[in-house]
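S.K.: Below are the features I grabbed from TrEMBL:
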- 206: active site (ACT_SITE)
- 249: active site (ACT_SITE)
- 378-388: compositional bias 'Basic and acidic residues' (COMPBIAS)
- 389-398: compositional bias 'Basic residues' (COMPBIAS)
- 1-91: domain 'CARD' (DOMAIN)
- 131-253: domain 'Caspase family p20' (DOMAIN)
- 274-370: domain 'Caspase family p10' (DOMAIN)
- 371-398: region 'Disordered' (REGION)
């Protein structure tokens, strides 16, 4: 069945697979013994364009049959959930093959299907606690090597702090931490008694493919940042969204430019008396500022492309009731259109391009809603900015 899905979606997959995703899939398929080294070398010949690599990858796996194809689709779901969902692959896999003469394959029993009408689960995460929850901002700016100073990152801190205070979060800023200190902070906030309906963590530093860099030049893996908040380690946040925005390079390559033409929680379960289980890694959103292997761009005066776009679209989107995935899609579009020039140490000039990469296990729509008083104040401030001659609105007497 899975190999039929690969064949059916072959053209769209070929168009949608990017070079970083192809590389990641090949690494996964090597680790899982689906493809050997010689097969992978044949696929990634330097003279082959991306489309040919994608085609050879799809054809090579589908020829190996159902199991290999299932593994590739599972890896694709993990590596590029947006492409996976845009092609509606889950639904394709669920449709039985017409004309099959063999018995249907056994399927796992799903308590979710049986209990769907018993679960009092809204389609939107609850977001009305006051405060909404904790927002932790970690900014590594001042490294021992003066050339590594992350100029402009304070602009990102200020933008994030202002935004999440308006959205009703308790905001705490942590500066210049080593890798071990970042891990210790995550353990500390995991056990914090002030958790509300949502937890947000913003980490800004240098980094590589595996994680972010501490001031001691050691890497703190992304998993060490997120895992303290899973269902095993942080019961207070079970069933609640855990959101991580990570601004850091994930490699030393610069994304190339291409031209396009437009137009072508548990307490509520107990209260209702209905109990159900979820995977411990549910309800996470990890928004990475760039794709694996590539630079993330930061302006020394105006801040990073990703964080500044995020703050702009999250502020506007929350006022319009947009969910976070729609907002992040707008951020991706915004950032991918940015233009810049990087001057290397040898004075070579390189076009600066990038696109962020969100990953998520959210089960519902996540809509950030500012408390009414703060939302109104934010709108007044926006109006005041546009019309500075207008006097501020007088407070009503109690």
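Heads up, the Cβ atoms here are built off N, Cα and C, so glycines get one too.
All TrEMBL annotations are machine predictions without curation.
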S.K.: Residues with Cβ closer than 8 Å to the Cβ of residue 249 (active site), same chain and 6+ apart in sequence?
M.R.: 206, 207, 208, 290, 294, 295, 296
S.K.: Which numbers of helix, strand and coil residues does DSSP report for the domain 'CARD' (1-91)?
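M.R.: Per DSSP, the residues of the domain 'CARD' (1-91) fall into 70 helix, 0 strand, 21 coil.
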S.K.: What does the DSSP secondary structure composition of the domain 'Caspase family p10' (274-370) look like, as residue counts for helix, strand and coil?
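M.R.: DSSP classes over the domain 'Caspase family p10' (274-370) add up to 28 helix, 23 strand, 46 coil.
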